[in-house]
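Marked as domain 'EngA-type G 1' by Swiss-Prot: 3-166. For 9-16, 56-60, 118-121, the entry in Swiss-Prot reads GTP 1 binding site, with the evidence type sequence analysis. Sequence annotations record features per position, and here Swiss-Prot assigns domain 'EngA-type G 2' to 201-374. Here Swiss-Prot flags 207-214, 254-258, 319-322 as GTP 2 binding site. The annotation domain 'KH-like' is assigned in Swiss-Prot to 375-459 on the grounds of sequence analysis.
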């Protein structure tokens, strides 16, 4: 297990900035106002060859109400999980009542805790930070997270005890590790072709605000991992959560809700939307959550379009299905059939994230979609299916000539890409292209993922070439012309 370092403190003391600095990413949203971070956010960092996990948390100040109470609970859970707690304070503001309350809580925990005074650039750090010794948590460590000052010294002083413990543990188990390495090397050659299959499946849960994405995430995990509150825009960042189900690894991505562009004016919401779109591009399977009571909206269709253009596999979950009468359910199903007819390959589930109804069957469709997207298909199989499709329904005539499909092969996967070579293939009507796509989908039993077919037309080998006449041919032409003139 990698050691865990939790970053805690009041709002707006620089926890997310330090998180980004330690993980060398820009995963955590950063803005100059309090309360931006809400859920626990995990990242992996490396110092001097030693890897560790960093947890970014929401700010706590003791005056929480509403959704802030949920944020504080997430921060307290992070403290319980951590091996080391970095308690961040603001060197410019000085010690506050909230700092004292957090320190009182930390002293009761059996954790290695270090006080980190941030924002020390441009001030006399020693004099400004002297009052923090009243917190009775030991030495005060000075840093400027936004500029990266003092970070290396902080890691040296805080990680050194933990590194010593890990080194002793590594020495105790080194002999056993050598045997395991030998066994791994023997099996690695045989299992190398399964490397892709062994990667965790990234599942992004997307949808409009307040449709139940975080509730569904917590239901799948069986714990209150992300904040759930009856208010649109509760989730602000994309939260990556590893999990295991039936001995298979997944990474759940809980994302912020996406509204229509004209309604998005807040800067933080704009960044949240960008994070959601990045999560769609980063994942393997997209789980679109739709509110049954609100019905399918144009914004849902926009999200679907972005997911399909990104080539992601797709599963649709209609949430809040419980409590609806049969008439309303039939009306909703008719609307879904009408508006989602263009993605008939995607599995549709009717669920209740709050009560767990139908949630267990989602992963059957997720696995099916992922396996379809990453399926390897031989060239012989693709060509045979192409020939069968032509035999059942010939390509149409274009300018009096029959379009000829000559050859097919795989052009990639995730999503499946099929390349078809032939004559006049660029002139094929869209109806025949859809026929080929559906024929391949049915023959290969591909569900849950789009299929992309690329048509390539053979170049004319004589295009642009000039017919060169030899000297003897020129003499014959002149003699023939002279003979015709004499006649």
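Positions of Cβ are set from backbone N, Cα and C atoms, glycine also.
Summarised as a single figure, the pLDDT of the domain 'EngA-type G 1' (3-166) averages 79. Of all the binding-site residues in the record (12, 15, 57, 120), the one with the smallest CA separation from residue 321 (GTP 2 binding site) is 57. The closest partner of residue 207 (GTP 2 binding site) among the binding-site residues, by CA position, is 57; the full candidate set was 12, 15, 57, 60, 120. Across the structure, residue 12 (GTP 1 binding site) and residue 255 (GTP 2 binding site) are spaced 22 Å apart at their Cα atoms. Per Cα geometry, 57 is the residue among the binding-site residues 9, 57, 60, 120 nearest to residue 210 (GTP 2 binding site). For residue 57 (GTP 1 binding site), the nearest neighbour among the listed binding-site residues (213, 255, 258), judged by C-alpha distance, is 255. Take the CB of residue 207 (GTP 2 binding site) and look out to 10 A: across all protein chains shown you find 26 other CB atoms.
When Cα-Cα distances from residue 255 (GTP 2 binding site) are compared across the binding-site residues 9, 15, 60, 120, the shortest belongs to 15.
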